[in-house]
Each structure stands twice: as structure tokens, then as C-alpha cells.
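A short worksheet on the structure shown next.
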Ligand code: WTA
């Protein structure tokens, strides 16, 4: 990646010159301070040690901060002992915060539940005792396959309470995905539900567990299953009341087990480096990677970042992160960070458009949500639905908005701030990964003058750099690869059962540096802009172009709600740019008028030409109704590339809606 080849792509984002400095009022009350940067850069280890002491309660205080002697496996606070659930729940009750609301649950059908920290302590204690009664012990693995209901948080915390290692599998994954994750972790218990509510219907979960375990309904029968599977028991939450198959001796109702269990239980202190959880990444190729995290460092960084990046005031804020606990965002910013900080938070079971497209904003209004953390894809979906929808609700309680999961294009960032945040709230674009465990690069509200579309700077105590092929830092104004140059507390400790793969994947590309797999650039101020995965960087006629860059240009056109760009093989130029766009509602009629939307395509190609340059002009623009997305909302460019290159479309099993690909393929063949 040379500087000049990246230049056309960079110039578009580099010309973004809007700035939003913090207001004096916000700065005066902010949790974050500019001095944190100088303190951490002067003495990173004492900075983190201080956070670990202040934010967590330790059973045995640590004396060591970082042991990097077995690099790239770090040990943080290794001679200390603590319990994650004690930190997230019990100490709040002990210290007089038991009546504070921990969870405000909103089910998709409109049912609600409120759990205080004292309620949570009783529930989690019962669940821990029930798990112990089923033979689960410290170090055992427990698979959790649940909808977004309070029991998901309770189950995670109950594992942590007894030192068992949870492996949450997103409820939208198939039986096959669940089976491979259970097998890889050798889980002895699965916690699931009969089903959950999604898009206005009860959607079953238990059959996938039965299938994954080769249970009662399987031709092999339970005996063969028993010989093969590591799983001894399945705890089943009753959520929808739908019919379930039952394997006697294996399956146990959650409510019966909890009723029979005592609500008194003492959390088990574990070493700081005791594994807290395994989380499988949605692996594009090959076997999913079981990313595992440990206790002390992970809790330190999730709590610190949650407090400073979102400016959490636990007594007054109502926090809502829209992520499912099946993803890392749900682990770090639903279960652990917020609860360790004693926050009051909303959890919502369903989809944003059930029963209507204003549901999220209705929830913000109802609970007076003050901090909202969501993904760019959700923001762009709301842009597509039109700004009249959020305008119907009172969103005045909001004071901080966060974004995570993919690069946020400046137009979506601006829309988020203007339409949702009333041009008032700071927007924090937070870069991190399953592997990093917690936020790494982000503005700090109250401190940073934000720039639409940029994650800006590594947080205090974090060392990130943008390097070229030769591992040399690039100058300001240039692009390269994002690396992390020093170990951080919440870093992954490895890939479960495959440490060599850990070293190969993250530590072999650049000597002594963690390679994140993302492209990034530094602007003239040295601020970092994420450009998407490096495998999404295209090479057109020898020029490197970022998919994100072109998507951003497309979305900056008033007609476009959402865009996905891929590089397709091209005999002349190496790769060619192929764009898939969704139009905003107000412009959809125009496509019908002009047939295949040729007019629209010409206009958008001209727009990209003026935004970035002729080199970035898409060869093909296809107007589509939907984009293929994983259930976590990531656009699957791999599938779009298959369509653009006229190949048979690859594995679509992780798509939220697999029929989307057929519609797109049909459209493309008739328009090129
Ligand atoms: C991308 C989600 C740009 C990035 C927490 C990373 C981002 C991958 C951002 C990790 C952001 C996440 N700007 N890109 N603010 N946040 N990404 O493991 O490509 O699901 O490598 O973790 O998402 O995705 P993961």
C-alpha cells in the first residue's frame, strides 16, 4: 500500500472539515479529562493499575500490573483475585444501591420487566445454585443460546459467579453453527429458551438445540447422542410458551430449577487471568475462531471505557445499547461494562420495525434514554425510513450517541447527530473488535472536538498506529494498516484450543505488533479514520480504493439511503467498482419511471466522479431493495462480489434473509 495509490480515496474523507468541539457545559461535567492522555502516556501501567483499583472490587488486591514475558499472551493484574458477578451485582447491593434499577426490559410484544440490582442478585444466585446442582463447576464451559431477554444477562453472570466460562451463541445462528461451537468448547450445559419474539412472531430456538445435540427427534436417538456430545443438560427458559420436544434426563425447565434453588450464593473469587468467556467470531472462512477473554483486565477496560466514552452518570442516566448479547458489543456494553458501573439500562428483545418503524424512538421516549449506542447500519436504515419517524417522538432525553461495528460515513454521522441528537449531543464513533474486548479508538465526549466519520484517537492507555507494508508509521495524510503496538488490559488471551492460530492470525504480519485487519489513514492532524477491512480494499488500475470511501460518496447523494461497494475482477483494470444502492423512500418512484434506473445510475456515477474522481466511478450501479446482511447487520460483501463476478453465490447461511441474494442476482443479470 503506497501513499500515492491511496490518495484519490483519501482526499474525499480528508476534505471533511466539519468540527464539533464540546460545549463548555458538557466539558465541565464530563467524566473524561484531557489530562488522562498525558497521564497514560507518561505511565501507561500505573494508569491502568489505578483504573483497576478504582473501578473494581478485588478479593485479593494485585501487586503486579502487566506480565508480557510470554508475549503475545498478556497477563494483567495476575496475582489479584476477584469475581466478575460480585463486581457487576453484589457490591452494588452491599453498598446501598440494591434498589437501583439494573434492567428495564422491553419485550417485542410490549411486555415489560424491571429488575433492580437486588432482584438481579437473587436471580443470579438462584441460577448459580441451579447450575451447581446440574454439576457445572469452575472452569466448565456453558453455551448460552437465548433471545435478548433478562435471562441472557442472568445466565452469563451466573456462569461468572461460579467461575464457569460462558460461550454465548447468537440466537439467530443455525443448529450447525451452534453444534460446532458447543463441540469446540466442549460445553457441558446449554442454556436456551423455547423461543423468542422476532418480527411479530414467536420464533423457536429449542429445535435448533435439539438438532445440534442430535436429541430426541434425531434418528440416532438419545443414547448415541450421549456418547458423542459433551452436553449433559439443557436448561430451557419458557419465553413464548410454544410446544417443545423434551429429552427426559437431559432437559430441565429454567423456572423449575431456579424455583428449587436458594437465592443465597457467595461468588467464587478467581484469579484475574481466569477465563471469563469464549466468543466465536462469525468467521468468513474455515472454522470459527473462539476468542477468549479473562477476568481482571477485561473488566477494567470495559468499565473504564463505558464510563468515559459514554460519560455515564450511574445515578441519572438511562443507557441503551441496541446490540444483542450474542455479539461482543452485548458482552462488553450490555452485560459487563454497564453493570460493573452500576448503570440503569434498557434491553429490547425485538427488531426496530416491529410493530412499526418508530419502535426504537418510542422506547427512547418511554424510558427517557439518555445514552444510545448502536451501529451505522441501523442509522442508515433509519435514514432510509425517513426523518419524519423519529420526529414524532420526544428524544430530548438523549445526551450522548455512540456508533460501533463498521465505518460510519460522514453523512450518516451527521444525520445521527442532527435528527436523533437534535444537533446537540456528542457522537462517539468507537473502533474496536471482538478480539480487543473493549473500545480502543474513540473520541472522548467533553474533551474531543469530533469530526464526522472519524474514530480519531486511541483512548488513554491504548497505543495504535497506522503502518505501511514495511511496518513503518505512515505520515499524516496517508493510509495503511491499523496496528496496536502495546498490550492492553482487555485484549484476547488467545483462540480457544489453538494458540498457534492466535499467533499466526494477529502477530505474524508485523513483528511485535497486533494486526487488526483494518485499513486506516491518518489525516493532517494525525487523527485516525477507519477504511474498512483490508480485504475490502480494491485495486482499480493500480490505484487502491476503499469500499467505504465510495460508499460514503454514494450515501452523500440525497437519493441514496444505503450503499455497498465491492471490487469485481476486471480484465482491463484488475478490479472494477460495483455498487449496490438502496434509494431513499422519496426517490423510489423515480426508478419505476425509468425502468432499470439507468438515469439514477448515470447520476450517481457522475456524483462519485465529482466526489472522489473518475477512478472511483462505479462500473456498475444496481438499485436494489435490500442488501445481504448478517443477523448482526454487517453487509456481506463476499456475496455481492460473487454476484458481481457472475459466480455461484457462496454460503448464505449467516444471512438474516437468504432470499435477498436471489433478488439481487436477478436484478443484476437484467441490468448489465
Ligand atoms: C469493524 C465489533 C470502523 C472493523 C465491536 C473491525 C469498525 C470489526 C468500527 C470488528 C468503527 C468496528 N469504525 N470499523 N467504529 N467498529 N469496526 O469483532 O472492521 O464484530 O475489525 O467487533 O468491525 O467487528 P467485531
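Every residue gets a Cβ built from N, Cα and C, even glycine.
Taken straight from TrEMBL:
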- 34-88: domain 'Acetyl-coenzyme A synthetase N-terminal' (DOMAIN)
- 95-496: domain 'AMP-dependent synthetase/ligase' (DOMAIN)
- 198, 199, 200, 201, 329, 541: CoA binding site (BINDING)
- 405, 406, 407, 429, 430, 431, 432, 433, 434, 518, 533, 544: ATP binding site (BINDING)
- 549-634: domain 'AMP-binding enzyme C-terminal' (DOMAIN)
- 555, 557, 560: Mg(2+) binding site (BINDING)
- 634: N6-acetyllysine (MOD_RES)
With respect to ligand 1, which members of the binding-site residues 407, 533, 560 satisfy a Cβ distance under 6 angstroms to one of its atoms?
-> 407, 533
Cα-Cα, residue 560 (Mg(2+) binding site) versus residue 201 (CoA binding site), nearest Å, comes out at 31
Just going by other Cβ atoms within 10 Å, which of the binding-site residues 329, 430, 434 has the emptiest spot?
-> 434
Compared by Cα position, which of the binding-site residues 198, 199, 200, 555, 557 is the closest one to residue 533 (ATP binding site)?
-> 555
DSSP, reduced to three states, assigns residue 555 (Mg(2+) binding site) to helix
Residue 405 (ATP binding site) has how many other Cβ neighbours within 10 Å of its own Cβ?
-> 21
Number of other Cβ atoms within 10 Å of the Cβ of residue 555 (Mg(2+) binding site) across all protein chains = 24
Applying the rule Cβ within 8 Å of the centroid of the Cβ atoms of 555, 557, 560, what extra residues of the same chain belong around the Mg(2+) site?
-> 411, 553, 554, 556, 558, 559, 561, 563, 581, 604, 607
Which of 200, 407, the listed binding-site residues, has fewest other Cβ atoms within 10 Å = 200
Residue 555 (Mg(2+) binding site) to residue 199 (CoA binding site): how many Å between their Cα atoms?
-> 27
Of the recorded positions 405, 430, 432, 434, 634, which one sits closest to residue 201 (CoA binding site) when you measure Cα to Cα?
-> 634
Could you break down the residues of the domain 'Acetyl-coenzyme A synthetase N-terminal' (34-88) into DSSP helix, strand and coil, giving a count for each?
-> 25 helix, 7 strand, 23 coil
Residue 533 (ATP binding site), Cβ-centred 10 Å count of other Cβ atoms over all protein chains shown, is 18
Closest of the recorded positions to residue 200 (CoA binding site), Cα to Cα, picking from 405, 430, 432, 634?
-> 634
Fill in the CA-CA distance, residue 557 (Mg(2+) binding site) to residue 634 (N6-acetyllysine), as an integer in Å.
-> 22
Which of the recorded positions 198, 199, 329, 634 has its Cα closest in space to the Cα of residue 407 (ATP binding site)?
-> 634
Integer Cα-Cα distance in angstrom, residue 405 (ATP binding site) to residue 634 (N6-acetyllysine) | 8
